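Shown next, in structure tokens, is the structure this report addresses.
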């Protein structure tokens, strides 16, 4: 029996488990040496994103430890996520460098998550994609360079190539740094200048010390190493929402807020008492302390005979970890008043550096950002704290001067601060990416004086100044990271120049207000008096004092043809209307003004005339000496129309004509006194598209209408027409627009 036994081999299909395990074992088969080296690029991009997050989420441990913590955590996270993604790609069976792809996907997700907390989906995804692509490209270049470098055939050539690429990289980095640098200070020389620069140090030697609770664990100068112990204060009547994690961090709550201050005091002899100036910061990251950033002001003011104190209110600031206490704006003002009480107590206590040295009848307050609003609220404290018995002694103090740097101006308990018979100065940067609206202008308009007094108010608007550089500790970015990386810095003044402006004007303001140094008054009337000491840029200023006789502020009624004191208004060949003024964000500023618009170029003049039955209101102190009005050029709106029509618009001209009660006229071109100020358009962000979409469109208006005060001496009108007699009375005033189309806004018209 021929029986052939055949052995058959049957091929059995591997199980799913074995197939998956085999794929997992081969996860990294496509991640060659080139791709592993190329991971350096995505890793660097990821670390850059997490470094930005660390800058925006300070822990209070210090920048070095924050970066180390974030970058270490990010690296560990990238390791696990990238390897997990690589395994998943292996299970799917995609023939790609899986670990490299996993690292790239980690970058994309991490960058999106980091920016998504700050900005919209569109911006977050675009930034994430760009950052990831940069990392990929950098990684591929790195991998290629290493591959060339270690290639035996092209070793010499590749080393040369690497040197060339390295040199080019250095030049590119230098170019980026230079292009992103800020403007350097440039001053205008003037050999005829007789007033000394108020930004220069004075004659007093300065001593510095600190007072504090003695319990601060984060700032030892207010804790164990403080020079003078202050009393903590209970703000629980105002703050009802205080995070327990904030208490864990600070080691105190709203029932025991510290009174911490950095003091710069002049070293004088005898019993000389000095004016007191408190300086208060605004809302910044709580863990990134702000109060030390005004030493440049404190040292200058002390050298000029003022006691300057930078107040610590960091515990009221926003924290990415614990939020912000409720009623923080009100408590900022309340804490300032508590500092005044504490310093008054020190001044009456033998053995303290303040003893007998503080003149509580000459107090000035300086505030930045929310601090700028807090000082106004502190001066108008009765509007919020009239029923607070713990502040009864405040009525014995005399707050005479407020200097607000880029202040906020939001209603608190449905009201705004109103200032009466207090000198007020506000400074605002046109390139402010935080408080991008000129809110100080609102407080300026709500400041008033008793007729015939010497109180005054002034404002200064500075092209190229931003928000943060007024504080030396806030850096260059007006918005915290990571979003701050998207802001444009190319149009900035540098920090030294910007702070020079603050030093000059604030020093002159306090000298005028608290030392009664009238020699600096011309600087507030006309910024051109300060140009010899200031950086070269565009400035706009306003000024008014208690000797101003108002003709109209356009607040009287809704009838555009009526003026105070039975005056009437009319227009010829001109569009004229009363409007509520608006800020950059197109919100109402609570003030009315007059728009004059010349719609077509022609030989005919466009005239707006104001007249009175007998004469316009006269100064009570004697004959009129100066015509004064505030004017803002709004021709930019017409420029945009011209661009749409693809035509070019020439500059129009403005004439000012006065008529006395005898009918004698005198007319002068406004340009004889000063040109209309023209502000450059501001690009806040790195790209025009971001202007429209970042921060809910906060930056989509490149300019803001800013008033410039014009003061025209009557003597100039008399010089043109000697028969013109303003001392007898002025019957009418005309604004005459000639030439091309033009649009202006007028307010605060009157005489001195």
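Glycine residues also receive a Cβ, built from the backbone N, Cα and C atoms like all the rest.
Ranges compared are 14-30, 99-115, and TrEMBL records transmembrane segment for 99-115.
As annotated in TrEMBL, transmembrane segment covers the listed stretch 34-55 rather than the other ranges in 34-55, 188-209. Among the listed stretches 34-55, 67-92, 99-115, the one sharing the most Cβ pairs under 8 Å with the transmembrane segment (121-150) is 34-55.
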